[in-house]
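*Asks:* I'd like to ask some things about the structure below.
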């Protein structure tokens, strides 16, 4: 807008939508005739608008004509409205929304969302923008679902109390809000439209911009309104389905005529648009100097007129006529009254400025203290982050070492399983050899008994051939026994090698267990530190939330008391709230100390449990060592027994037949001991498997630790955002004080630029564009009246 205070009309545009599929199938045709770009003729009667769009007009052409300029105006600080109305199936939703995610078929709302961000990205980099959007759905004059109440602020500007507004930073986030609102909108099937909207839709875009260097602030709001269909609705029809029972039309053709005649009436409305600009302290100072100079000139004029009046009363000649003198005297009286009012205003402004300066000084001190606290907290968090990075690197190194040790342990266990398999095979071979030896001994004993029986018979004399045969059999037995000796020696040597290999594996397992226990201790320490940091961050967040709630409550009370002129009572209440806040801080510190004591007790308890588990593990290792020593001793006894047995067999004494039962008992005893040792070895294997099962648990703990680290990083980010919010709150406090000064000024201009609160709508100085669509027979006529 070239002139901020200039008056303008509401633009009224009419669009005829294309035929839909059912109309094309029926063979419907258009009735209206277009005469130029601004006139349409229906049944011989012409209607004039600012612009008429025929059926072949694309969505992009409609947007460029209707809404492209209003985006620039909203970014310039003006308020605007695009308003579409008409009967059902006339193309309102097609014009406003269209196909939301189709680049060619999207309507005005999604195109505005993209155009706003394109303009922002092309503007000065020193401008900072805050964009909020919300969607309101109205059914039967009531907000859908939540039934929120509509109020007016002190400037008689309507706003919806409790309405949720979302901050957006990209067109995609705006489209998400639009999709959510569209999903909640009521639709129904009518004879003219399969998807007729049964609720009014209002999409609000609130744009605030601030220049970083000059601190100049502008605020603009854009209302995008898509009404429900305004067709005739019966009075006695249930209102659950239809949303426009309040719109009662006696006859359809009369209703269409009203829609056709309403745009000319809307064009007669004059709208004065002004920029929503908030002045800075320097601009207020210039304005004050300007008013002061104006007051001085008025005083000089009053003095001059008083002197002329005194000369006239004294009978001296004065220039001008009596009527002019009377007018000047009346003007002088008015100027006197205005001067007195200005003096009173100056006195009150000086007092208010002193109060504001003192309040600003106090707020600045509090802001400095808060910034110092935030800086200390950020430094502490940075140190914690650095320490955590170091510890996480150490944990990664230890986890890599654990992984390597686990792989080596797996290899050793595989090798041990091979050795066990070979040992079992050797045991089978040895049992087979024992059976063969027992059979040979039994045969020898039988032969010896037969020989002794034969030799004992004096009547029978052994021939030389038989004697030679017996000596040959003894020679074979001696050779067989020497062979058994060599096999037993090789078996003993193999057992010793297996024993050494098992001791080496046990030693490596002990080293791995010690490293694993140290890693577990380090992980538990890190978890305890992370737990304490998490509790500390939660306490800080809780205190920050409580402070924010107290601050918001005090801000609302301050605004109310400023509006009612009770600033002194507010100061006292703020003092009482400050004392309450200090008491709450003391209680919070006491709670933190108690929680810290509980944490210390839990840490000590965990340490004791860890030491106890460590001692239990040590006892288990000693038990395993004793069992291995017993196994070693039993193996020595087994080797000695085998050696003694071989010696006895080599001597071939006749008394061996009586000691076979004793040897069998020893063999059975050794076999039982071997079974027990096998069970002990299997138990050791199971213990190793349990240790391997604990490795995934430790890895899971490491992953949870990493997730906790990410949570701490998010908390750090939230703390930084909280600091930025505190800065904005202090700025809002200064703005509220300025609003109080403006409210106390009775001579302020009615169209002075103001900025409403974030959660309230501001309709002052709208630039409206309304879309109206109607249908005559099989023809759709769209009107765009200006509406406020």
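Yeah, the Cβs are placed from backbone N, Cα and C, and that goes for glycine too.
Straight from TrEMBL, here's the annotation block:
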type	residues	note
DOMAIN	9-235	domain 'Kinesin motor'
BINDING	86, 87, 88, 89, 90, 91, 92, 93	ATP binding site
COILED	274-345	coiled coil
COILED	371-429	coiled coil
COILED	481-564	coiled coil
COILED	610-722	coiled coil
*Asks:* Within a 10 Å radius of its Cβ, which of these binding-site residues (87, 88) has the fewest neighbouring Cβ atoms?
*Replies:* 88
*Asks:* Kindly assign residue 93 (ATP binding site) to one of the three DSSP-derived states: helix, strand or coil.
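*Replies:* For residue 93 (ATP binding site) - judged by DSSP and reduced to three states - the answer is helix.
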*Asks:* In which DSSP state, out of helix, strand and coil, do we find residue 86 (ATP binding site)?
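*Replies:* In three-state terms, residue 86 (ATP binding site) counts as strand.
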*Asks:* Give the residue from the binding-site residues 89, 90 that has the most other Cβ atoms within 10 Å of its Cβ, counting over every protein chain displayed.
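*Replies:* Selected residue: 90.
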*Asks:* Which whole number is the mean pLDDT over the coiled coil (481-564)?
*Replies:* 74
